[in-house]
Every structure is written in C-alpha cells, then in structure tokens.
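One structure below.
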C-alpha cells in the first residue's frame, strides 16, 4: 500500500464532511435521481407499449427489467474502474451516456430495439449510480453524519423511483409512450453541471490494477441469472430459463474461483464473507426487489384490472413517496439505537404487512387499501435499506468504497431485476394458465382458432387486441382477461410474501446483536487509525 494512499485514507477517515458539503451532496443526489427515474418509467408504459407492438407478456417483462439488467451486470466492474481511474470522471460519463440512451429508447422502432435501448440505459446507470454512494463513503467520515447522509441518499433514491412512476403516468396521459424515456434528460443536464462544479476528484481511490477477467465473469453470470429467472417460469420458457440458470451457476463458481486467486480481486471475498456484509447485502436485495416487483405487478394490476388510467396509476403510488421521506431520519436513528439487525427486522415487518395487504386487492377494491399497501411498503424499504447500506459501508475499507457502493447498487438493480423477473414470470404464467382454464371450461370457446387462443394467452394487451377484432364478445373477453390477470397477480404477491418471510428469518438468525456489532466497529476503527485499513477477520 503506497504512503500517498495511506495519507489520503487517513485524511478521509479524520474528516467529518467535505468542503461545500451541501453542494456536493446535492450533486450526488440529483445524479442518483437520474438513474432511479430510468428504472421504472418503462414499467408504467408497459400497457401502452404492449398495444403499440402487440408484444407478449414475456417481451413486456423484458422491456420493464432491461434497465435493471444493464445496471446489475455492470455495477461491480464499473465500480472497480471508477475506484481505479476516477469516480467523478465515471459519474460524468454515466450521466452523459444516460441522455443518449434515453433518446435511443424514445426512437425505438420495435419491442426488441426498445429492450436493447433500455439495457444501454442500465449500463449508463451502472457507470453513474454506484459512484454516488462510493463518493459519499469516501467523503463523509464513518459515524452519525455518514449514516444520516446515506439514509437521506437512500430515501431520495427510492423516492425518485416512485416519482418516476408518477411523472410517467402524467406524460402518458398527455403524450405517447416514447416521451416517458425523455423524462430524465433535463434532470441529467442539471446533474452533470452540479457534479462538474462541486464534486472533488480522486478522493481515497485505489491504485490497484482492475480485475478485468472478474468483471467480465460477473457481468456474464448476473446477466444469465436475471434472464434465467425471467424465462424459467414464463410460458414455454422453462428449457431456456433452466439453461441460463445453469450457466449462471457455472459462471458464478468461476467468478468465485477467480476472485480467490486474483492478487487484486474485483470483489474482495475477505470483505464479502463477513456476516455484517453479505447478510445485509442479501437482506437489502430482497427489500428493494420487493418494491420493484410490487410496483411492476401493481401498476399492471391497477391499469388492467382496476381500470385506472396511467395518470391515476402513477399518482396511486404517492403514499410510498411520503413514507420513504417520513421514515428517512427515523430509520437512521433506529440504526444508531437498535443496530442493524433490529432495524432490518422492523423493515421486514412492514414489508410483510404490505405484501399480505396486496393479497386482498380485487377489481373493485377501494383506493384506501391500495394506498395503504404502498405507504407501508415504503416504510419497510426505508428501514431495511438504511440499515443495510450503513452495514455495507461500515464493514468495507475506504479504498474498497466502490465495492460497497456497487453491492448497494446491486441490491437496487439486481434485487429489482430478479424480483421483477420472478414476479413478472409468475404473472405471465398465471395469466396464461388462467386463460387456458377459462377457455377449456367454456363450451362456446371450442370454435376459437389456435391463433386466437394463443393471442388470448399471450398477454392482457393481446387479449385487448382480440376483443377489438370481435366486438360482439368484447365484454366477455375483457372480463376473462381481467380475471386471469387478477389470478396471476395474486400468485405473484404470494410468492413475494414467501421471499420476504425467508429474508426476515435469515436476518434474525444470522446478524449479530447491537452490542456485538458495536464491538466489531470499534475494533475496525482502531485498526484504521493505527494505519490498517483491512476489514475484520473472515467470519466476523
């Protein structure tokens, strides 16, 4: 380790806040907003996109999760590149590329082109989003100040996700779907200027070479994982999904083998195997994935089953914005007083309550039930993610800040992509099965052609197209499609409830008590002040 790097590290550890801290934080928050808006706008526009391209439910699922796919496959590698070559430079490049990819998305001529464009949006976000948290970790000293900043960053990021849904609904009410992909462009321009003017360069960065082989293996493994989950439960996709998941297992094993033997690993397993790193990482992944999955399925449910228009569906999630804002400081105080484990369990309690309430959604459910579900899910995500991200940054050396921020971003992006892929695939499978059951049970449906039957099973949008071609049966077709989508959505919500329960059990059993967590933090701080920036021993 070089003397200059040790000097930079010690200055970072001793400094409480960076110069012009408010402007620096504002720049990083606006940059995070750009990335998070882009993760949800496609999901809101899915019904409109489905009608425009007559796309299958599986294709629409891919449109909605493509940005998360691009983010999840790139954050580890790009986070390491930022640590080595400059976080500010990577952040600026990511913001600029976001604008270009958004324009490409708005000009897409087919559903396949739109999927590719949204993956590029995700790759651009992978350059920018993890860098915002790594800069916070490098610029703010560990303690209540950093915890509060991370809590605020986490809440603003989550609120931007919800706000993107609202704004997309507004745009779809007054304009066509391509315009939703331009929402982040003016915000990106502001973010670029703020970062350029106020964010310092080369703070606590690493001089170690980048593990390029590990980066490529991680991208391939995570890509196969997300695509495999999206296909394995989808109608007719079990074989392809199974092959992709098998490939993901092999690639992840190769990635682990590479990281154990690499002199300068991309993902330091000595850090990652600490319980105060990997358990909060997985726990946060489940929480933020629940939010993404609930938004994706919920938006289709509200528009297709409850009859909300895009504007109403967008505004329906505002209670989640309110709870994310209200819980930000409460969750930060809870982490300080109760520790990581108890704070995450409080959040999981809220998430479990929210998913159970969604199981009671029906075609004519009052908005009070819908709004309450979103409000409670926002509370849960905030408590879990504040505790999780504080644990990640606290258990990671400053020169590995990019690893902590990339892992945090994986929670948002891989968690959102996997849960959205899982629940979307379950929704598609449940919808297709429900339509098939209704066709089989209806004697009048015996004369339907194979082409019409396939269209009815493909997606709700395809069923709407069929209803338009047979006006004498429009009411019956739409009623059956709504009932089938309701059945598929309830199965998806039930699966989500089971995943949350499993995550809560893992957190309760695996994480240490508040007292033990404090003892470990004091030991790590003593090692850092003595000139040692290595993490606690493996297994701590």
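The backbone N, Cα and C atoms fix where each Cβ goes, and this holds for glycine too.
All annotation found in TrEMBL is predicted automatically rather than curated by experts.
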**Q.** transmembrane segment range according to TrEMBL, out of 421-441, 442-462
**A.** 421-441
Q.
Quick test of your reading of TrEMBL: among 21-46, 463-488, where does it put transmembrane segment?
A. 21-46
Q. Ranges 490-511, 512-533: which does TrEMBL label transmembrane segment?
A. 490-511
Q) Taking a Cβ cut-off under 8 Å, which residues six or more beyond the ends of the transmembrane segment (490-511) line up next to it in the same chain? A) 275-276, 279-280, 282-283, 286-287, 289-290, 293-294, 297, 340-341, 344-345, 348-349, 351-352, 355-356, 358-359, 361, 419, 422-424, 426-427, 430, 517
Q. Restricting to the same chain and to residues at least six past its boundaries, which positions have a Cβ under 8 Å from a Cβ of the transmembrane segment (239-257)?
A. 214, 217-218, 220-222, 224-225, 227-233, 267, 269, 425
Q. Between the transmembrane segment (90-109) and the transmembrane segment (21-46), do 3 or more CB pairs sit under 8 angstroms, pairs being 6 or more residues apart?
A. yes
Q.
Short question: most Cβ pairs under 8 Å with the transmembrane segment (313-332), which of 58-78, 152-175, 344-361?
A. 152-175
Q. What same-chain residues lie close to the transmembrane segment (213-233): Cβ under 8 Å, and 6 or more beyond its ends?
A. 58, 61-62, 65, 68-69, 72-74, 76-77, 80-81, 240-245, 247-248, 251-252, 254-255, 258-259, 262, 265-267, 410, 414, 417-418, 421-422, 424-426, 428-429
Q | Residues from the same chain, set at least six apart from the ends of the transmembrane segment (344-361), whose C-beta lies under 8 A from its own | A | 280, 283, 287, 290, 294, 298, 301, 306, 331, 334, 338, 369-370, 372-374, 376-377, 379-385, 387-388, 489-490, 493-494, 496-497, 500-501, 503-504, 507-508, 511
